[in-house]
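TrEMBL has this to say about the protein:
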- B:119-408: domain 'NADH:quinone oxidoreductase/Mrp antiporter transmembrane' (DOMAIN)
- B:6-26: transmembrane segment (TRANSMEM)
- B:33-53: transmembrane segment (TRANSMEM)
- B:65-88: transmembrane segment (TRANSMEM)
- B:100-119: transmembrane segment (TRANSMEM)
- B:156-177: transmembrane segment (TRANSMEM)
- B:234-255: transmembrane segment (TRANSMEM)
- B:261-282: transmembrane segment (TRANSMEM)
- B:291-313: transmembrane segment (TRANSMEM)
- B:319-338: transmembrane segment (TRANSMEM)
- B:359-382: transmembrane segment (TRANSMEM)
- B:394-418: transmembrane segment (TRANSMEM)
- B:439-461: transmembrane segment (TRANSMEM)
Amino acid sequence: MILTAALGLPMLGALALAVSSRWTETAARRCAIVVSVLPVLLLAWAWRQFDPQGVLFQFVEEVPWVPSLGMGYRLGVDGIALAVATMSALVFSASIAYPVDTKHQPRQYYAWMLFLQSVSLGVFLALDLLLFYVFFDLSLVGMFFLIGRWGHGQAQLAAFKFFLYTFFGSLLLLLAIIGLYLSVEPRTFDMRVLIEQQPLAGAGMTAGLVFLALMLGFAIKTPVVPVHTWLPQAHVDAPGPVSAILAGVLLKMGTYGIIRIPFAMMAETFSRYALIIALFAVASILYGAFVALGQSNLKRRIAYTSVNHMGYTVLGIAVAGALIQDTEYARELALVGATVEMVAHGLITGALFLICGSFWQRTEEYDLDSYGGLLRQAPWLTAFAVLASFASLGLPGLAGFVAEFHIFAGTFGVYPWLAVIGVLGILVTAALFLQMLQKVFFGAMPERWAQFEDLRPIEWGVLVVLSAGFVLIGVAPAFLLTLVEASAALLVGGR
Amino acid sequence: MPIGDVLPEISLTLGAVAIVLFASFVRQRQHHWAAVLALLAIGLGAGLTVAQWGGTPRLTFSGVWALDGVALASKLVVLIAGALVVAMSPEWMRTDRRHGEYYALVLFALLGVIMMASASDTMELVLGVLLSSVASYPLAAYHRGWAPALEAGMKYFLIGALTNTLLTIGVVVLFGLTGSTGYPDIAQALATDSDRLALTIATACVVLGLTFKLAAFPAHAWMPDVAQGSPVPAAAFLTVIPKIGAAVALARFVSLLPPDVAWRAIVASISVATMTLGNVAALRQTDVRRLLGWSSVSQSGYALMAIVVLGVSDQALPALVFFLASYATANLAAFAVVTHLRGRTALDDYRGLARHAPIAATILIVSLLSLVGIPPLVGFFGKLMLFRVTLEGGYAWLALVAVINTVVSLFYYLRIVAPMMFGSRQSAVHVLSGQWARSAMAVAGVLLIVGGLGAEALSLFTGSIRFAL
């Protein structure tokens, strides 16, 4: 029941906000914040209860939905899902609590946010392929309305592009899911059965096509170069908190999906193509880093670093699936790293995009060159931006380092030369963040920002929580690693 | 004569006759009671259909009339859809001098569609197609004083006349080939050697004749005009209901053909052409009704996918009926909203609707999302079943074409959704007064969600249907 409650409560909250028109702005906001915190608490409790020595999937719930099709309302988590889901819930509460211009429709805004929280958690908690797809698709709908209604710039165009592009990916995914479904007897969408049976092992062409469709669908969502082109515009034109969710949570659906479906259910096919996937991942790492370095728009720059960071994650997963003899330990390291990267990137980039939101609220300006010397004017904002940037570029002692260390340590054990190339990405990332900080916070301050306000209590309150998250993972990662390692070992070694 | 086997059809006929008489003798202002009569007749018909459920699939009336799961299931879908159309009509037709007769025409057209779905004999098929056509032409041009309505009616009639003739020619050639009009005899005669050229011609003619009712390429041209020009409830009827009968009739017909007639390739190419053409044409429309018309063309293309894999995948027929039911619900819901909004049709009129008429806007958005196939709406399960049987039948390329088309279709559906949600308006929204259209809209909207969450019921209901033959 605990997982159902985690995704059901925000949905109920969304309904309550949607149905009645009598909510005032403050009441709607308060209600949304309280409701959005509940899943965090529930999942944290589940984390405490999770048994790392136990079976792969725990807290399993199962209710038949369309049994004649083999579809059910099946929920359950392993360590990877639980970690990512908890992080998502936290990023959601942070984004909901973060102040934003609701354009005279506070009730609708908070209702959509809660709806999106519910379905996003659903993606990570589902143990049924079709249920996974249901939530996966619904997250697009929620995101479309949030960007289109509350975005700025060419918001509608960005929303259209986002929806159409990623919907194509999700339909490919649907075809692949049906392909997997048709390959088991008796027909079922139950992930546990599919993971156990590896139904398409040795199926040649069919397996290849299903795998291609799955990977293409998830690559669009992640996004992996060259199918990342929907991302910059969606990020730039979405309001800050929505960008935080887009980067922090929605992108994780792609990489989480790769771990859950092609990696776990088609191990043999995955290993055959692992090197190719790793090459694409390295391309994403380098391309994302270099293009980000070239951006003069604050938000666009951070958006491209997401391409870079998700590249690390994909690299970790590809390495973990490589199935090369006597590399179990390295592959497990890589998978742990990929998961920690997902959690770390969610918290760090979430914080960075919220900070972007603060900029937009104050100045409606993202151009890096128009800023300068804000350190004196806004010390708190500077502090959080510096902390998050350092975390993002992988400074030891912060979460990004833990993740990238694991990934590259694993990669060295399997594809050493790829690791060497990939590490270049970290170098460029460091350069681009330092340059960004220097441009915005140091040097001479232009006259027009004389009235620039520092963070308000609610803003830094939220940022403290997110920063505490990635500092904690950086300093004492054991609580996260125990959880993830248990499942990673089962997924990598148990095959 | 086994009269008991056609009781649902008799109840429709009697209802139609009663309505004609009623409308001749009662003041025009009381004509909305004819809608009640029509609903009663449809309800009775549906009840009697349910009573026939569960028997072994068989042919009756000397083999011309099929009583099998497919016929009964599509009959129920047709009747429920018909009831929704009737329910959304009274306020729209209130000012029309011939209000009452409208319902009689609807019932006759329903009867024709049911005959198409149940016909197990080529003559019976022709009869069904003609009955539904003849009753539909006046429905399309019901507002005869309005030029677009007349144009729609004319186009519908001319294309109908041509294709109905082709259908008849096909039936005659087939009769010449096999010496029979009954499906079982035809199947038997075709299984042994026969003139392949003549058979090809006959097949082409019959398929062309049915594409008219399906609004599939190449006889689809009437659909956008009818959707735009005819009274909105009639448009709702004509974009949805004839399709159901025609799709089942086509499935029945192609299942008779021997495998060396390349009917799978023919149907697959019609399917691709139809869905692509409908979607591409819908992209730039600024008239919502016309857009829905083109979208309805493309949806026929999807439905044909299930017919392509008939006999290869054992779930093809359930998928076909399931998809048709889900499409019918969504399209009727969309048209019910348009009716409720007094038929407003310019895209600009929908600006800011979400704020001023939240319920209507919500139902319209949900219905469009269901047409795209967003879960957990009923349209998703329809598409899921279609993709499933298409992949199972080995037509992965067709499924991929449908996927690309679905993405394209999302674009124009969002073109309606976006101004409703993101735009703003100054003027008030005018709606039809009264409860008929409003309730029809609400019922259809609820069905979209309930149908999705309760897909198991629909899936059990259609899961085991098959042809009697």
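Each Cβ is built from the backbone N, Cα and C atoms, and glycine gets one as well.
When Cβ-Cβ distances below 8 Å are used as the criterion, the transmembrane segment (B:394-418) is approached by residues 268, 271-272, 275-276, 279-280, 282-283, 285, 288, 291, 295, 298, 301-302, 305, 308-309, 312, 347, 350, 364-365, 368-369, 371-373, 383, 386-387 of the same chain, each at least six residues removed from its ends. Only pairs six or more apart in sequence are counted, and the transmembrane segment (B:65-88) with the transmembrane segment (B:439-461) gives three or more Cβ pairs under 8 Å, enough to call it a contact.
Remote same-chain residues near the transmembrane segment (B:291-313) are listed as 214-217, 220, 223-228, 235, 239-240, 243, 247, 250-251, 254-255, 264, 267-268, 270-279, 281-282, 285, 319-320, 323-324, 327, 331, 334-335, 338, 347, 371, 383, 385-386, 388-390, 392-395, 398-399, 402, 405, 409, 412-413, 415-416 (criterion: CB distance under 8 Å, separation of at least six residues from the stretch ends).
Listed by sequence, the residues of this chain that lie at least six past the ends of the transmembrane segment (B:439-461) yet keep a Cβ under 8 A from its Cβ atoms are 73, 84, 87-88, 318, 322, 325-326, 329-330, 332-333, 336-337, 339-340, 359-360, 362-363, 366-367, 370, 375-381, 385.
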